[in-house]
Every structure is written in C-alpha cells, then in structure tokens.
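Take a look at the structure below.
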Amino acid sequence: MGRRVSEVTGSVGRVPASHMPPEVLIRAEGLVKTFNKKNSPPFTAVAGVDFEVRRGEVFGFLGPNGAGKSTTMRMIGCVSPVGGGRLSLFGLDPDTQGPQIRARLGVVPQEDTLDLEMRVRDNLHVYGRYFGLPRAVIRERAERLLEFVQLTDRAEDKVEPLSGGMKRRLTIARALINEPEILILDEPTTGLDPQARHVVWDRLYRLKQQGTTLILTTHYMDEAEQLCDRLVVMDKGRIAAEGSPRDLIERYATRDVLELRFPLGEQEQAVEKLQGLGERLEPLPDRVLVYADDGEAALSEVSTRGLEPVTALVRRSTLEDVFLHLTGRTLVD
Amino acid sequence: MAVLDPASVPVPSPSASGPPAPSGWVLTWRQARYWITFFRRTWRGTVLSAVLGPLMYLTAMGVGIGTLVDQDHNLPGGVTYLSFIAPGVLAATAMQNGIFEGAFPVLGSLKWFGNYWAAVNTPQRPRDVMFGTALQGVARITILSTVFFAAMAGFGTMHSAWAVLALPASVLTGTVFLFPMMAFTVTLDSDQPLTVVFRFVMTPLFLFSGTFFPWQQLPAWMHPVAFATPLWHGVELCRELTLGTVDLGSALLHLAYLFAFLALGVWLALRNYRRRLYLDR
C-alpha cells in the first residue's frame, strides 16, 4: 500500500513515489450535478467536468463562490449522488459502494461540524467510533493527532471557547482519525485570520510532505499556489483550465503585471492612451492591469506617454491573473 | 502500517484494495451507540420525570377525578375510572414520547450537535443515521412505557392476563409516531414548527382519542376522525388488553392500522433523511 496518514506524526518512513507509477485514485468523466428546486428551473451546479487525482499529490479546485467546487467535493466525498457522467474512487462506485469509499476518506467540511458542548478529545472519540474503531486505537491516535494540530493542552477543554483556527485544526485532526488515504478539504481557511491561516497551511504542508493525497477547494489564489501540485480552475460549473500553478501562470499570464490607478473619471481616457502597451490590458472598475514581461519597462513607458497614475505597482503574475484572463472576472468579489 | 521495503511494495490494484463495507446493522448500531453516550449524561433527569409523571397522572386523574366519576357508574363495562384511563394514558404518553424523541434529538443533530453532518462523512448512510436515531428513540419509549406500566400495575388496573401485551402495544403506538415525526423534523431549520405540532397535533390527539373519556361521547361526526388517528387504535388496543375485553378481530384491525402507519412513517423518514443529509432537496 502507499503512504497513509498514520505516518503523519509517527516515525514510519515513507515509500518513495519514484518506485511506483502514479496511481490514479479518483477519476471523473463528464461529471454533472443538477438540482431540481421547487418553483424554479433546474440549476446545473456542475456541468460536465473531467479530472484525475493521483496518489500523493495535492489537487486543488480554484474558483469563485458558486463555481461548483463544493458540489464537486460533495460528490467526491460520496455525500451527494452523482447526477451524470462517471466518478470512481479507488476503482469503486460511489453510488453503490459509498460506505467502503468513505471509510478511506477524511473530510474537512466548509463549516465545522464539531459538537461545541463536548470536550476536544471527545469529539475525536465520537468520530472514531463512527468509523467503528476500537477505543484503545482512538485513544492512541487522538494523542498523536492532537499533538500534530497543536491542541494537546486543550484536549480536556470544551470546543466552544476555542478560536476559529483551533476549531479548524481540530476538524482536520478529526478527519485524520481513520487514517484516510485521501484528505478532502472544502475551503480549509475561509473565515480565518491571516495568522491562523498560516498555521493551517503549515499543517497541510506537512501532510503533503508525508505523501498524503490532499484535495482542496479554495477561492484564495495564494492558498492554491502554496499548496497545490496541480489544480483546475473552475467557473460556472466547468473546468476552465488545468495544470500546475506555474504552468497556468506561464500559459495564461505574463511574468509581470503593472497595476495602475487613475483619478476618478479619468481611467477611460487613460486606457485609450495605454493601448499597445505590454501584451494585454485589463481595465477593472477601480484600476487598470497591464500585462507585460517587464513591468518596470512598461511603467516608464506610461510616463513617457504622459500619463500620471495616482498609484503604480509592479508585481509578479498570480493565479488571480490567470483566473481574470480565463473568465474576465476576479476571484474574490 | 509497518515499515515496508520500497522494492517489495506492490502497486495496489484499486478495485481489490480496502476492506468490505460493514453491514447496515453495524452502521445503524454505530449511530445508536452515539446516543447511548449522549444520554449517559442526562439519564437521571429522564428517569425521575418518567417515574413522577405517571404517579402524578394516576393519582390526580384516576384517584382524584375518578372518585367523582365512579359515583355514577357510567363507564362501559362498569370499570373504575382509574382502570379506564390508565391504559389510555399509557398509550397517549407513549405517543408523546414518540413525538418528542422524533423532535429534539433530530433537530439537535442537525443544528447543535453536528453529529449528523459528521456521520455522513463516515461509512454511515442516511438510512443508517435514521435507523440509529430511531433505535434510541424506541429504547427510550420502551423504558418510559415500562415505568408507567409498572406504576399502573401498582395501582391495581390490570384485569386480565392479556394485560402484559399492553406494554408492547404501547411501545408500538409510540413508535408509530416516532418515524413520521423524525421525517418531519429532519426537514426543519428551526424549532418553531415543532411547537405547532405539539400544540395542534399532539394535544388534540391526547385529549380526543378516547384517552380520558369513551370515544362514544364524541359527537357522531367526529367518530371517523377518531378512528383515523393511530392513537385511537393504540388506546383501544391497550385498554382492551388491560381490561381483558380484547377479541382477535378488533385486535388485528388495530394492529394492521398501526403497522400500516408505521410503514408509511419509515418510508417518509428514509426519503426525507436522504434528501436532507445529501442536500438533495
């Protein structure tokens, strides 16, 4: 067998991936999900997506709210019936073998579903018992997992007073109690403050290093860039592009971006004067983006053309720019 | 996982790997077990009210009001008022417990405890979650009915050997209300509609299903309404058993009606649990 989460905190050495061909754990072909709401036309949340997730990789779904990420994740988690197309996990069929599949998954839902009245440790216990694990096994794993998510000293406290970041880490620990082969995270850091996000990222990065297969959705491009080996950009229920973060940036953006802000009402004129500058112009409501491989050169060209922006900033391209190029919209509204 | 020599690591063939799924019974038990742990914290209060409730009922209604009623000897068969209402209250209390058990544990699981949303990400299916919750509901109905039944016996209201069957009959009556209530509660997002059910469904049933007075006293147009309620069948069945007036034909009729209602409730609960827990509504 491959690497499991049991190795997360233990001393067990991991198997180098190079000795094995990449094993496909999840395969989706033309995956569709349509909701039939009363008194309104059917709503297609996922409109035919194809992807593969291989053992040991971190695979991301990047897209704005409503792109169909969570619905796709729910189908992968076997808690929402497949609406069309084909989906298989571990070569099993979610429709008929959901319990077997779920036994091998760990899920961190978008909203924490912890029992706030219970103690931290008991939350892990209840969840472990749901998987049918013996008490002694849960006790031993809970110890390790609480240490892994840095909650050992809160083990006997109730969940309620914990901070958002701690609750999220506890949810991650809980999802690991059955030593899953795949950990699914739906927007793991949404709603957390920057410091708490970094702690979560750090833990996820460790899981990744130990070879756990991770699938995550996010609408934060920095999260996707930091964690994902490979990702798909989703928009309106479809996959707009697929690749590694670096691939996507190289394919769909220039090296640099020049961000220019002009005084109110003067942007339109400015955009006209900017035509031809860089590879591409992207006027947004509050600023203009100039895509150019050399941002500094583009900036000096701006003043040469007699323009005086209020602010000017040269930065590297990110997945945000990829998304903007693919969909014409920003990720976070 | 033991330390493995990389060279000897077989590439797992995906379809063959992984243990087989546990049976539905096992998955249901895992959900029911959660509730045992859950109620371990609160059982003292439950038992106290379970014992005090029937004692107060039987004393106040049976002995207190009974003394007045019995002066006229108006009840069918000339039984005492206490013997008349005891089996009725047994069935009606079971109904009440069935409705409560189908209400707060379910809403709590969806809104406060998080355990349903946790359970769906484990091997449990919506049906296992439903049956597991129902199992604890039936267990509590049984315990509460048994306490009441013991109190009834202590008050000398058992007039036949058939009376022992009134206990399972009352548990059946409570269970008949458990499933439709679970089916209803699992669609809710707040406890407001529950109050409506308690006030406008449970209380009228409690009062007008022949619990406290013979159903023949109701106006004629209400008779069919009474016959259509499962509680009426439960009350009649329990009463015929404790008074010893039971005959096979009417008993089978009551049972058939109760079981039909039970089947409908189970079907609705299965459907609604799946829709809610798989967000497929």
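Using the three backbone atoms N, Cα and C, a Cβ is placed for every residue, glycine included.
Feature annotations, reproduced from TrEMBL:
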COMPBIAS  B:9-22  compositional bias 'Pro residues'
DOMAIN    B:45-276  domain 'ABC transmembrane type-2'
REGION    B:1-22  region 'Disordered'
TRANSMEM  B:47-69  transmembrane segment
TRANSMEM  B:81-108  transmembrane segment
TRANSMEM  B:129-155  transmembrane segment
TRANSMEM  B:161-184  transmembrane segment
TRANSMEM  B:196-215  transmembrane segment
TRANSMEM  B:251-270  transmembrane segment
Dominant neighbour of the transmembrane segment (B:81-108) in B:47-69, B:129-155, B:161-184, B:196-215, B:251-270, by Cβ pairs under 8 Å: B:161-184
For the transmembrane segment (B:196-215), sequence-distant contacts whose Cβ falls under 8 Å of one of its Cβ atoms, 6 or more beyond its ends: 61, 75-76, 84-85, 88-89, 91-92, 95-96, 99, 103, 181, 184, 222-223, 225-226, 229, 231-232, 234-236, 239
Contact set, same chain, for the transmembrane segment (B:251-270): CB under 8 Å, 6 or more residues outside the stretch: 126-127, 130, 134, 172-173, 175-180, 182-183, 186, 230, 233-234, 236-237, 240
